[in-house]
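Feature list (source: TrEMBL):
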BINDING   Q88, F89, I90, D142  (6R)-10-formyltetrahydrofolate binding site
ACT_SITE  H106  active site, proton donor
SITE      D142  site 'Essential for catalytic activity'
DOMAIN    318-395  domain 'Carrier'
BINDING   571-573, 597-600, 630-635, 650-651, K757, 804-806  NADP(+) binding site
ACT_SITE  E673  active site
ACT_SITE  E673  active site, proton acceptor
ACT_SITE  C707  active site, proton donor
Amino acid sequence: MKIAVIGQSLFGQEVYCHLRKEGHEVVGVFTVPDKDGKADPLGLEAEKDGVPVFKFPRWRVKGQALPDVVAKYQALGAELNVLPFCSQFIPMEVISAPRHGSIIYHPSLLPRHRGASAINWTLIHGDKKGGFTIFWADDGLDTGDLLLQKECEILPDDTVSTLYNRFLFPEGIKGMVQAVRLIAEGKAPRLPQPEEGATYEGIQKKETAKINWEQPAETIHNWIRGNDKVPGAWTEACGQKLTFFNSTLNTAGLVPEGEDLPIPGAHRPGVVTKVGLILFGNDDRMLLVKNIQLEDGKMIPASHFFKGSDSNALELTEEELVMAEAVRSAWKRILPSVLEVEDSTDFFKSGAASVDVVRLVEEVKELCDDLELENEDVYMATTFGDFIQLLVRKLRGDDKRHECIIDYVEKAMNKLTLRMPHQLFIGGMFVDAEGAKTYETINPTDGSVICQVSLAQVSDVDKAVAAAKDAFENGLWGRISARDRGRLLYRLADLMEQHQEELATIEALDAGAVYTLALKTHVGMSIQTFRYFAGWCDKIQGSTIPINHARPNRNLTLTRKEPIGVCGIVIPWNYPLMMLSWKTAACLAAGNTVVIKPAQVTPLTALKFAELTLKAGIPKGVVNILPGSGSLVGQRLSDHPDVRKIGFTGSTEVGKHIMKSCALSNVKKVSLELGGKSPLIIFADCDLSKAVQMGMSSVFFNKGENCIAAGRLFVEDSIHDQFVQKVVEEVRKMKIGNPLDRDTNHGPQNHQAHLRKLVEYCQRGVEEGATLVCGGSQVPRPGFFFEPTVFTDVEDHMFIAKEESFGPIMIISRFADGDVDTVLSRANATEFGLASGIFTRDINKALYVSDKLEAGTVFVNTYNKTDVAAPFGGFKQSGFGKDLGEAALNEYLRVKTVTFEY
């Protein structure tokens, strides 16, 4: 038969070649005009064979066939038109002209998925069966009578490319040849298309390929693979448009651990793992995406999304330079419109299409024997320089990236296997200190060494600050939305909750905290704190302010609350995790990055926390943790010019020194929670049982190692003796023992030096004439245990009446019945003002005394009742600034005023 082939592409070329092999005469080929100086493969092949080739830009104008175009076609005398793949609209004057009419290849099982994006929609709809149809052309859109159909199974992870390459391309070529054979033999059927089940979907374009996240994982997967490679399913994240490729539902055994990728509108943030990007549907099922195309067109492995570009360009050997020039020549052949291929030449911006990707890959494979190169690699390295670097890395076998490696110390205790990091945490990596310096951290329960911990040096502080500064100024942390930042903090809180038993056990091991208390308070309140501040992230806002207008113009003034930058946080040893959380949660919620110095004697929960930030997806460099001495690490943080804020909890003496350093270095913002000597006034009209219970808690809670512990109790004279008697009875019931035992009330003091200070403190109280009612000595057993202690007859001038013990020592003084103003004066006669307390049934007295007490917190008929929503901080030499509550955010924000004139 005399055949006119109308179409384009490699598919059209192959059909053309097979028809000639079958003995048919191809009288003419009609294809698309050259693009960027490149001819279509079908036209090129026909020109080689001397077959007339026509490249009409259009066949009709305003719905009317162009007479000269139709005349050129009719002059060929074709008996059949074969349209293997044609993007042009062919007029009916041409379609109906041959004796046998025209046949068209369509890549779906008609009448399903009529239209130009049939393969896409087959996958998008999750069809289990796919295939192609060869039909007789008519004046409708893919509505002609059926000639031949072939079907195949759609595999779960098929994409447009895999389905096309596996079945639609090879079997479609055979099908077109078979159809022509049937026509030649007079056996070709004409079966009317049924209208039942017919669908028509429009052309998939980039603007319509945005992912709708309010769908199950399987539907999202189908959308991604149905738009892979063209036009590409996309979403907005991290301030740019990201296009996803190579999706799979095969996530068996995958754990969503890695760095979170917050995606607006998504049910949960994505997680960048070492195998790719895990996404979630609204049914909480996972799917995995292996490649991401960035907005600039560069394709990268999804697992490398947060790793950035490799700044360490390889130096090529002589042999590799020769290879690079050979590859450059291949680029020149494929990109004829490019005069010179330079390192910055972009393959796709220079006019390359998907067919050119295949050609480049095959040419490079011929040049480089045994090289494993895939089409995806071209999309991942679109410039010539990047492509050569990729090839060289592959040839050298060093194209793999390293994940964070954690050297754990493992200990079996409390029916758990503790896995504790012990190195510095800088820039998302656990690393040794400069000079590999370490120190021993001690178990206060028995005095044994838990492990060696890296001891940070000044150079380590500089590295950590640099990592935090880079993360703040250039990293993902500053680009994600406030709401996405909140999602990361929620995830961190969830991980802390999942690891709460391990964290509480480490607090018991490293700080001597009673396990049950650690579980509820040390860890429990830490989790609550991160959840509370996670909720604040997208509620930090400025205001608009009416100002006088510069007439005749008008003005608008608004304020913005902005993060400060790099913050240094120095935390104490009494609540290692909780104090870290109180400050860090607010700091991160405000959008800052942070360098944390845990107390040298209690570093282990902070380092475990660092590990959880990695698992939560907090970007690298946002959180850095440096165990070490205050005189070295704390001092360098206070002096460092790139640190813009210091948050400190500790002694008043050290707080004053930090404040001075912050002023002299770069006038850092600073907040201080310092020493205390909190008064608790117990009036005779109180509920005595409750007052005894709360009085005990006010002193002995957490072994007395409590910032707001009642440093001095004032008991009204008429109930003094009864109160003391009941307290002593309760003290004798307390069980001193291993903090991991569930019935222990009182564990060891935090460290040996502190134990010695408590012994000396009690000796001085006795020497000055106070009555030691009970306790006052170290418990005769291994470890750093100290007896719960009660002093009475304490006069105002005595050392123990004025100075904080920070231990389980109750200091009781009398005051005369009814003498409210005098006891208030005595309670306020201190330079400290962190907390205070009152026990009375008289509401008027409670209001009057709470109004007069000079302390940041006043407890009435309770004590130690702190909450994440209530601001916490002191007056006078107990410091300034607040932890917790909305007020804490202001410690980590700066206010910018912006004024417009219009």
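Each residue, glycine too, has its Cβ placed from N, Cα and C.
Whatever TrEMBL says is automated annotation, not expert-curated.
Locations of recorded TrEMBL features on the structure.
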residue: Q88; record: (6R)-10-formyltetrahydrofolate binding site; CB count, 10 Å: 16
residue: F89; record: (6R)-10-formyltetrahydrofolate binding site; CB count, 10 Å: 9
residue: I90; record: (6R)-10-formyltetrahydrofolate binding site; CB count, 10 Å: 21
residue: H106; record: active site, proton donor; CB count, 10 Å: 23
residue: D142; record: (6R)-10-formyltetrahydrofolate binding site; CB count, 10 Å: 21
residue: I571; record: NADP(+) binding site; CB count, 10 Å: 26
residue: K597; record: NADP(+) binding site; CB count, 10 Å: 27
residue: L632; record: NADP(+) binding site; CB count, 10 Å: 18
residue: C707; record: active site, proton donor; CB count, 10 Å: 24
residue: K757; record: NADP(+) binding site; CB count, 10 Å: 14
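For E673 (active site), the same-chain residues lying six or more positions away in sequence with a CB closer than 8 A to its CB are F648, T649, G650, C707, L834, F872, G873, G874, S878, G879, G881, D883. H106 (active site, proton donor) is 66 Å away from K597 (NADP(+) binding site) when you measure Cα to Cα. Taking the Cβ of Q635 (NADP(+) binding site) as centre and 10 Å as the limit, one finds 18 other Cβ atoms among all the protein chains shown. Rounded to a whole number, the distance between the Cα atoms of H106 (active site, proton donor) and I90 ((6R)-10-formyltetrahydrofolate binding site) is 15 Å.
In this structure the C-alpha atoms belonging to F89 ((6R)-10-formyltetrahydrofolate binding site) and Q600 (NADP(+) binding site) are separated by 77 Å. Q88 ((6R)-10-formyltetrahydrofolate binding site) and H106 (active site, proton donor) have their C-alpha atoms 14 Å apart, to the nearest angstrom.
If you take the C-beta of F806 (NADP(+) binding site) and look for same-chain residues 6 or more apart in sequence within under 8 angstroms, you find N574, G704, E705, N706, A709, H754. A straight line from the CA of K757 (NADP(+) binding site) to the CA of H106 (active site, proton donor) spans 88 Å.
Note: Q600 (NADP(+) binding site) has non-local neighbours Y439, W573, P627, G628, S629, G630, i.e. same-chain residues 6+ apart with C-beta under 8 A of its own C-beta. When the Cα atoms are compared, Q635 (NADP(+) binding site) and H106 (active site, proton donor) turn out to be 73 Å apart. Spatial neighbours are here defined as Cα atoms within 10 angstroms of one another, and by that definition the neighbours of H106 (active site, proton donor) among the binding-site residues D142, I571, L632 are D142.
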